[in-house]
Amino acid sequence: MTAAIGVVTFPGSLDDGDACRAAYLAGARVLRLWHADPDLHGVDAVVLPGGFSYGDYLRCGAIARFSPVMESIIDAAKGGMPVLGICNGFQVLCEAHLLPGALTRNSHLHFRNRDQLLRVESTGTAWTSSFEPGQQILIPVKNGEGRYVADQATLDKLDAEGLVVARYVDGNPNGSQRSIAAIRNPAGNVVGIMPHPEHAVEALTGPSTDGLGFFSSVLRHLAAYERVTTS
Amino acid sequence: MTSTAFVGPPAASGTPFDGPDTVDWATATPDAPQPHAELGLADDEYERIRQILGRRPTQSELAMYSIMWSEHCSYKSSKVHLRQFGEKAPHSDRLLAGIGENAGVVRISEQLAVTFKVESHNHPSFVEPYQGAATGVGGIVRDILAMGARPIAVMDPLRFGAADHPDTARVLPGVVGGVGGYGNCLGLPNIGGELVFDPCYQGNPLLNALCVGVLPVDRLQNKAAAGPGNVVVLIGAKTGRDGIGGVSVLASATFDAGSEARRPSVQVGDPFTEKLLIEACLEIYDAGLVVGIQDLGGAGLTCALTETSAAAGTGMVIDLDRVPLREASMDPHEVLASESQERMLLIVEPAKLNAVLGICAKWGVLATAIGQVTPPENGTPGRLVVNWKGQTVVDVPPGSLADDGPVYARPMREPNDRWLLQADRAETLPRPADSELRDTLLRLIASPNLCDKSWVTEQYDRYVLGNTVLAQPEDAGVLRIDPQSGLGIALSVDGNGRYARLDPYQGAKLALAEAYRNVVATGATPVAVTNCLNFGSPEDPGVMWQFAEAVRGLADGCLELGIPVTGGNVSFYNQTGTVPINPTPIVGVLGVIDNVAERTPMGFANRGDAIVLLGTTREELSGSEWANVVHNHLGGHPPVVDLDAERRLGAVVTAAPLTSAHDLSEGGLAQALAESAMRKGLGARITLPQGQSAFVQLFSESAGRILVSVPAGAEDDLLALAAAHGVAATPLGTVGGDALVIDGLFDIPLDELRAAYAATLPDLFGRGEPEEPDYVPAPRPVVAEPAAAEPEVADVAAPEIHLGRPVDAHEGAAEDATDE
């Protein structure tokens with residue numbers, strides 16, 4: 001059975017269709033999840049897409065974290081379900097305390113959209129096993145509040161335990177501490193990433209097709225999981 | 001003038017109750033003085049209102065007439081000229097809706113249509129840059145939505161005063177932030193625009209916003225409030241006091257020293273609500289639940305109520321108490337005039353009302369039934385009756401507001417400085433020696449109008465929705481519409497106020513020619529035109545002449561090119577005191593491309609490709625950026641425009657298998673070579689042909705030229721194709737290296753070009769904090785990570801998924817072709 005990836009739509013989600021396209025191109029079954037519906041409809045993994053959930057007028061992701069669907073996703077994530085938060089989704093994961101730290105206003109105070117080089121530093125996650133350690137990938141970044149910040153102890157812990165999934169290379173587009181672009185939880189099933197892999201899945205519309213690796217990784221992960229649990 | 005005068009007329013004195021002016025009271029007090037002049041109505045216009053009503057208007061009615069008969073809403077000064085767009089329109093089988101609708105609709109395939117329009121929000125953007133620009137985007141997006149389309153992209157032609165003027169540092173960051181803030185938050189890619197600086201825009205920056213949307217042909221909506229008994233439903237944001245008098249106060253009068261005090265006349269935008277409004281409306285359309293729909297923009301509820309009923313010949317009874325208010329103390333004339341954003345008016349059959357309310361509830365969009373459509377009476381159109389707290393405050397024939405506003409044939413006179421201006425030709429200015437050409441190029445490429453615009457465009461999301469094939473700084477934005485067939489569209493917006501100042505007729509044609517050329521350069525076939533005409537005061541005969549000439553030029557040009565104008569917008573009163581802006585007609589051209597995978601980008605693509613210049617270079621320097629930057633000069637005749645030559649040029653570039661194509665415009669060949677080289681970091685070696693001075697070849701701004709490259713060996717075919725179409729083709733050299741080399745003259749490393757090109761806007765408007773150096777973590781012990789298993793091969797067919805529009809629960813079930 002092909003794995004099913006659920007993509008959540010909050011009011012104000014914008015890149016939800018793009019996340020669906022990326023998962024579909026990677027070969028997944030795609031289901032759309034609605035913020036007000038706590039039922040995950042049997043999906044094997046979840047993507048929290050980019051956008052401005054609930055307008056993000058309070059603090060990015062602060063309201064989405066309390067939506068009915070998030071209650072279920074938080075439980076599922078603690079049980080090992082792969083969850084990828086992209087941009088606003090990363091913000092939601094931090095607000096939900098599934099990942100440490102916070103995303104704050106870019107240091108230069110502007111929204112910034114550019115094609116960004118990243119270095120993949122952790123390939124042991126559900127979402128990055130298709131990459132080589134140290135591999136450089138080109139993914140669009142586009143955010144106004146993407147500056148990753150955490151206290152010193154947390155940053156040291158992220159480094160010491162290899163929980164940084166990707167860092168910005170050739171320029172830090174938003175002032176993130178230690179050039180952090182993506183992080184993971186210790187189990188490796190939850191990953192938050194500020195740049196947008198779902199916008200680097202077709203040569204025609206993206207700067208590369210490097211973003212597909214995130215979605216093919218999770219399909220591989222799920223296939224392996226299925227093999228283990230059914231054998 | 002006190003601030004209350006902007007808000008509306010004071011109640012006629014001595015009303016018998018503690019409330020607003022009613023129809024009964026107006027009838028009883030025919031001679032009560034009314035402040036029509038303060039609301040911008042001329043004496044004869046006020047008299048006409050009294051004739052139409054057979055009594056004096058109520059306070060609410062007077063407010064409604066004053067805004068609907070304002071220049072902005074009634075086009076009273078421009079109407080007699082704009083008729084040419086219809087009269088001279090070339091026939092097009094593609095046109096499904098044209099001028100007079102919220103936006104023109106053009107069929108691009110059997111099933112799909114595209115709708116697009118450009119509008120101005122100039123005055124609000126000067127008074128309150130962020131909100132003015134944001135609501136400019138929001139307004140045009142609702143126009144597109146009202147046609148039944150999903151908005152899919154925006155563009156932003158912008159004009160500011162001198163780049164180094166202190167006020168530009170106030171206005172520009174706010175405008176750019178507003179365009180980006182609203183568009184990004186709506187999830188609409190920004191695929192192009194313009195950024196031009198000129199001192200003439202110092203007190204009158206221009207914010208024009210274009211939106212394009214796509215719809216299945218059978219989802220086309222209209223605004224007619226048909227069907228007596230149908231329910232009038234207002235959905236979206238609550239109505240507040242923001243934006244009252246926006247069209248009459250801001251857009252229809254010349255700025256003066258008191259302009260700052262008009263900030264309350266600027267609306268405040270909430271893109272999140274608009275995003276929900278879009279999704280709710282599209283779901284309502286797909287379920288076939290509306291009879292008619294109209295967006296609320298300028299003139300708010302007044303405009304929406306009168307235009308929808310006038311379009312159907314029906315009347316309406318509106319219960320104004322039902323309109324959800326942000327401020328309970330609002331008077332009826334304020335509710336009717338408010339320009340609060342993010343609202344739409346729906347006409348719904350009673351049986352379908354609950355379904356509409358249900359969809360709105362799902363999206364968290366407020367929806368309220370506020371009235372009912374009433375039938376025509378005895379063969380005459382129905383009346384619009386508005387009740388408030390049990391009293392009738394409005395009883396008018398809606399057509400008298402929507403369609404029968406005053407029309408003026410304003411006096412026109414050719415400005416008497418024009419022959420002096422045209423005699424002062426830039427061709428006579430001192431020119432650089434060959435040894436100075438390198439410096440000239442570097443100086444021009446760093447000038448504000450020709451430099452890298454990334455400081456602005458990086459603030460815009462160009463990726464969202466995943467169908468952006470080309471975006472700025474490419475010649476035109478290209479969007480994929482149908483992922484199966486690759487069918488797509490190309491869009492460009494262009495205008496040159498300097499050319500139009502020298503000759504408004506030619507200037508309008510040149511704007512059309514440039515937008516057309518930008519579209520064909522990508523490989524698309526132009527099919528339709530939109531425009532936004534930005535001018536000074538129509539009460540100035542010189543400005544009126546400029547306007548008439550520009551309209552005539554654009555209408556003639558569209559006829560010559562065989563593509564119709566499908567809609568547009570006029571912005572008058574862009575002047576400070578007696579000094580108008582340069583006439584600035586902005587022209588948008590829409591093209592269709594059968595397969596977006598075959599589009600041609602602007603950057604040199606492969607080493608060894610042959611570079612060819614298509615078109616003819618003449619000695620045309622008047623109005624050029626060289627004259628502007630080096631001599632601060634504007635005079636002479638703008639470049640000659642030959643639309644037949646443009647069409648033949650288009651035929652060549654759309655037929656030839658090109659690896660790159662870049663239109664020549666401001667800055668001429670030098671600019672095009674530098675941009676094509678920097679785009680992908682591939683230099684070029686160029687040999688300029690003998691016979692014409694190198695300076696003229698590099699910096700002339702002759703129209704009708706495109707710089708192309710083809711694989712080595714393919715240039716003979718290209719030259720033959722060009723010759724067959726009567727288009728001059730000049731081989732210039734080859735792609736390669738890491739410098740722009742002009743044989744015998746100079747060479748500039750790409751790094752040096754890029755440094756000059758990129759520094760200007762950050763130097764002017766700020767770089768923000770310096771970027772931290774890349775962080776390299778200390779090495780840590782290698783931890784064995786479990787090897788991922790090989791993927792299982794699944795043979796389950798991938799289910800259909802529906803991209804772009806969320807569905808209720810799971811397993812996408814939307815039947816929305818346009819959202820794929």
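Heads up, residue numbers simply count up from 1 along the chain you see.
The backbone N, Cα and C atoms fix where each Cβ goes, glycine too.
Residues or ranges marked as active site, nucleophile by TrEMBL: A:C87. Of all Cβ atoms in the shown protein chains, 28 besides its own fall within 10 Å of the Cβ of A:C87 (active site, nucleophile).
Mapped onto three states, the DSSP output places A:H196 (active site) in coil. Packing around A:H196 (active site) is summarised by its Cβ count: 29 other Cβ atoms lie within 10 angstroms of its Cβ, all protein chains included. The feature active site is assigned by TrEMBL to A:H196 (among others).
Summarising the annotation, TrEMBL assigns active site to A:E198 (among others). Note on A:E198 (active site): other Cβ atoms within 10 Å of its Cβ, all shown chains, come to 32.
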Message: Measuring Cα to Cα, how far is A:E198 (active site) from A:C87 (active site, nucleophile) in Å?
response: 11
- request: Could you round the CA separation between A:H196 (active site) and A:C87 (active site, nucleophile) to a whole angstrom and send it over?
  value: 7
